[in-house]
Structure formats: C-alpha cells, structure tokens
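Undergrad: This structure is in structure tokens; I'll ask about it shortly.
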C-alpha cells in the first residue's frame, strides 16, 4: 500500500480534493465495505500521524498477491486460502489513488499490539484441498509475492520458494515449499511506528510438491525495537532501497553528461543556423534595384504560401489545444511532485492526480483549440470543441475498456470497480466537458487575430520535386534522434518504476530532463522547418506537429526493447496492459510534443518573415 508521512499544507489541500472524490467513489462502488469509521479514518490519514499507547492494536492489512515479474497482474490476498479473521473478509475504506493502484486492503488475522513482542504465535491451521495446494504450487512456481500494509507502511514477502534437488544419475527435480511462518521486525519512536520489515523462516516450510490435500499450520512472531528516526523521515528508507544507483552522484553524473552532450550539439547546430539566417537576411535586404535583376529563391520565394492554413483545420487546432493542455498538466504534476505530494510506491496517487488535473485543465484545451480554429477561419466551432473533448479521452477510454475487461476476466485487482468507473465518467462529463466548452466559447470570442507578417497569395505555388530524405517520415526520424538521446538514460529508470517494483524519487532530475526534452524538441523542429522552407516546401504546418511528436514514437519503439530484453514480463494480461497503456501514454506525449514543435516553428516563421521586406 502507499505510505504516507507528514505532508505540507499544499499537499494536504490536494489530498482533501482527492479525498472528497474518493469518498463518493467508495460509497458508489459498494464493492468494498469499511470495517472502521470512515470520517475518523479519513481525518487520521490526512493528518498523517498515528499515535499509539502500549498494548494498542496496530492493524495489519493484507493487500494483494501476484507474480513478481508481472506488476500489473495482481489478485486479492484472500483469493488464496490464507488465514482469515473470524468475521471473514473485511475490506478497508480506500482512496482513489489506492483503487487506481490496484490495492484491495482487507483486515488480516495477525494481532500485533504496540510495543509488545510475540514469539511463535499460532495464526491458524488451514486444511488445503488438492485444488488449493495446486494453486499455491503454481504461485510458488511463478514467484508470487504478497503485499501488506502496517500503519500505512508497505511490506512485501514471497509466498514460497523453489529448490532444485540434484540426485546422482537422475535429472534435477524441483521441490516447492510454502512459507508458514513470518517474522515482523518493527521499529518505533515514542508512540509512533517508524519502520517494519518482514522475513520468512526458511526452516518453517511445508512441501507442496505432491498433488494431495494437507493441513498447514501458519504462525508468526513480532519483535519491537526503538529507533531515533523521526516520523517525518520514515519514508527515506524506501528511497534508499530504490532501483537507483547506490551512489546518487553516479546518476547525476550520467544525467549531466547526457545534458552537456545535447546542449553542445544544440549550440553547434544553432551557430550554423544563425550564420545561415544572417546571410539570408543580408541577401534579402539588398536594394530593390538589385533584387529586380535576381529571381527570388529559398524560403523568401514561398512567402506568399507559408502562412496558408493547412487542410484539416479542426483536427489540427484540436491537436494543438489538447497538446497544450497536456503540457500544463505535466507541469502541475511536477509541481506536486517537487513539493512532496508523492511518496515512494505511491503510483496510484500519481495516477489520481493526473486524472484530476486533466479534468481541471480542460479549459486550456478548449480555449487554445477554439482560438486557433477561429484564427484559421474555421466556422464550425462546435465540432471543433467536441473533437477536442474526445481527442485524447476517446482513445484512452477505448483502451481502458478493453484492458479493464481483460483484468475482469483474470479476476485481477487491476480491474476498477463499477462505482469508481462511474465516478470517473461523471468527472469527465461534469467537469471536463463543461470546462472544455467554456474554454471553447472564450477562445471563439477572443479578439486576437492571426496577423500574418506577409500577404498570402490566392493560389498556392507548386512544390518542387524533393529528394526522398526530405519527405515526412525521414524528417520525423531525424527530428526524434536528438530529443530521444536526451532522455534515453532516464527512460530505463522510468520504465522500471512504472512497470516494475522500483521507485523513482528524484523528481528534480526528471524535471530537468523534461525541460531539456521540450527545448531540444523545439529546436529540432525549428531547424527542420527552416530547411523545409529553404527547399521551397511551404506545407510546414502538419510537418512541424509530426516532427515535434516523433520522439513519442521513438519512446514507443523503446518499449518493445524494454519488454523483450530488459524485463521478464509475460502472459496475455501483462503484455496487453504494457503495450496498451504505453500506446496511450506515447499518444499523449505525441500531442504534447507536437504542440511544442508547432508553437516553436510558428514563432520562428513569424520572426524571419517579419524581418524581411516582401512584395
């Protein structure tokens, strides 16, 4: 489960917003019942601290189980025949982030009083039928782990182990053992829980290799010890145990090395581009008498066509509007991360924040899209606004419907409950669509005009035949090379965090990489736009979007490399989840970077044509 420490006031405000949404979701859902008073629980968790007296029971919640190499394929803990409480399965009230993260917390039968040691306590004696033994054996074979939560601190352990038995003159034989005893090592500071570690006793196992029913005795022990670590710093343990290099300096050095390389390449190309532009300005600024004896060539030759609006104006404007919205969404999420709103193993909260921020920033998409469409001379602004509403949500909704159906078929906790889906749909219908429409109305009624620096001719010039490498696809490949090089080092860490059990904690590095990605994308798109105009190809509008967003296509290509060569993920559900959601994520980044590429190219084209005199 997601762990929480004392949060800043701004983080608490954001948490309150999420809590209101989740309170509605959990009540509408009805699938998860609360075993404790909801207002008290919510208030205690928002305040962050939990205080206990000696002998007070600290509840241990069982969460989920799943194959270690398939992080999306998780199941409820009590789908397996583990020991249960006498009252049966009692689920805990969860917030939106926990539900989106696939958490399904239920009270466990472990009795753990605060600061009271316990040794070899019988938990229960469970009689396992043959099918249940087979289920455990399959789980051990596939490296299943379980996750629990103790005072909002996550803990993990493996269900069992596999031993290879070697006999002379015979083939190796695998033996499957189920762990029957767990030991909890808990640290406390005064009246607060600071840290918990779980270990299994390799001597207390039972052989489940044979396909037969059996009785299993489960037990546990608890040991408390004092610590000087404060409650506010108890999450640092999870940051230290993350996947990042053992020495943070190594990670920073690799990032700086990549950034310096990219900056030097940008500087080299920029100096060349500026020198060429300077020569162009000098040549185009000659006296009119000298120009009359020369035929115009290069990018000035297409001055009458460069501001001719592209075909598919409504779709083009919707892409720019949605990409701008996603750009601000990423900025806002980074702000939350940098002020400490997210904690290790808190992927559900990141997803929830993206969901809420997307709804709240919908007005940006509506305004930018409608205003761009109006400046291009579009009249059917209603269709434009509706297209903006579904441009990103449509593919995301279709992909989610398919993947959620797969998760339901697998009975996985990754499947969202019906009530939560209803809340998300209502959030989209009540917040996202109205804000998009309001932004569209504001953009339609805005007074700003396009005001091209040169006059557009009535009929377009014919584009000369160009070499193959100046076509769209080779230019997109060229445009993606430098931006992808800038983020390549971080991609592995991000993938290992999103699609693994690792944690990413240095958001400052990630933000720097994001800034560099935006700058390099803008620079590469501007450069390619200039060379396109120099070749007298004036259809640069769509090309700027495609070249800007091409880095997202490269990231999607990298996902194939990561899946097959850098991970051990397998199975239909995990494969469909990985490529399905990676496709949607890369599509969103395509819109974002495409909008960045076009905005940068538009500023550049305006600047160079404003600086020369054209008839």
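Glycine residues also receive a Cβ, built from the backbone N, Cα and C atoms like all the rest.
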Undergrad: For which of the residue intervals 223-246, 415-438 does TrEMBL record transmembrane segment?
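TA: Range annotated as transmembrane segment by TrEMBL: 415-438.
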Undergrad: Identify the transmembrane segment range according to TrEMBL, selecting from 150-174, 175-199, 250-274.
TA: 250-274
Undergrad: Are there 3 or more C-beta pairs under 8 Å linking the transmembrane segment (315-343) with the transmembrane segment (540-563), counting only pairs at least 6 apart in sequence?
TA: yes
Undergrad: Applying the under-8 angstroms CB criterion, which one of 250-274, 315-343, 381-403, 506-528, 575-596 scores highest with the transmembrane segment (478-500)?
TA: 506-528
Undergrad: Any contact between the transmembrane segment (575-596) and the transmembrane segment (315-343)? By contact I mean 3+ C-beta pairs closer than 8 Å, pairs at least 6 apart along the chain.
TA: yes
Undergrad: Between the transmembrane segment (250-274) and the transmembrane segment (315-343), are there three or more CB pairs that fall under 8 A, provided the residues in each pair are separated by 6 or more in sequence?
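TA: Between the transmembrane segment (250-274) and the transmembrane segment (315-343), which are separate recorded stretches, there is no contact, as judged by 3 or more close Cβ pairs.
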Undergrad: Report, as numbers and ranges, which residues of the same chain sit near the transmembrane segment (506-528): CB under 8 Å and 6 or more residues beyond its ends.
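TA: For the transmembrane segment (506-528), the far contacts come to 244, 248, 251-252, 255, 259, 262-263, 266, 269-270, 273, 330, 334, 337-338, 342, 475, 478-479, 482-483, 486-487, 490, 494, 543-544, 547-548, 551, 593, 596-601, 604.
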